[in-house]
Amino acid sequence: MPKQEKMMLVLLILPLPYCNAAGVTTVQWGGHGDGLDRYLQRGVRDVHRPCQSVRPGRVWGKCCLTRLCSTMCCARADCTCVYHTWRGHGCSCVM
């Protein structure tokens with residue numbers, strides 16, 4: 001598949017909110033500034049979960065249901081975020 005077709009496919013899929021097996025939930029702000037808060041208050045989600053914008057100035061946010069470590073979510077809430085030389089950030093979980 002040519003690069004341009006892949007980019008168009010990604011752009012078509014991006015606006016859809018999703019939650020994957022790693023516990024990553026991506027949400028789109030409503031442009032009013034409190035859209036993410038309203039999303040987190042629904043159901044059993046905790047408003048105090050760590051969230052960050054994917055890119056500064058963008059309307060997308062990334063929230064972890066466990067622990068946020070750099071740009072990824074750890075497998076469990078009791079994991080710690082550590083920096084590995086040459087590999088970057090990663091989660092360290094006690095068994």
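Each residue, glycine too, has its Cβ placed from N, Cα and C.
The disulfide bond annotation in Swiss-Prot covers CYS64-CYS73 (among others). Cβ neighbours within 10 Å of CYS73 (disulfide bond), excluding its own Cβ and spanning all shown chains: 22.
The disulfide bond annotation in Swiss-Prot covers CYS69-CYS81 (among others). Within 10 Å of the C-beta of CYS69 (disulfide bond) we count 20 further C-beta atoms, all protein chains included.
Marked as disulfide bond by Swiss-Prot on the basis of experimental evidence: CYS74-CYS91 (among others). Sequence-distant contacts of CYS91 (disulfide bond), defined by Cβ-Cβ distance under 8 angstroms and a gap of at least six in the same chain, are ARG67, CYS69, MET72, CYS74, ALA75, CYS79, THR80, CYS81, VAL82.
The secondary structure of CYS93 (disulfide bond), as reduced to three states from DSSP, is coil rather than helix or strand. Annotated disulfide bond per Swiss-Prot: CYS79-CYS93 (among others), in sequence order.
Residues or ranges marked as signal peptide by Swiss-Prot: 1-21.
Local packing around the disulfide-bonded residues CYS74, CYS81, CYS93 was summarised as the count of other Cβ atoms within 10 Å of each Cβ; on this measure the leading residue is CYS74.
CYS73 (disulfide bond) sits 12 Å from CYS93 (disulfide bond), counting Cα to Cα.
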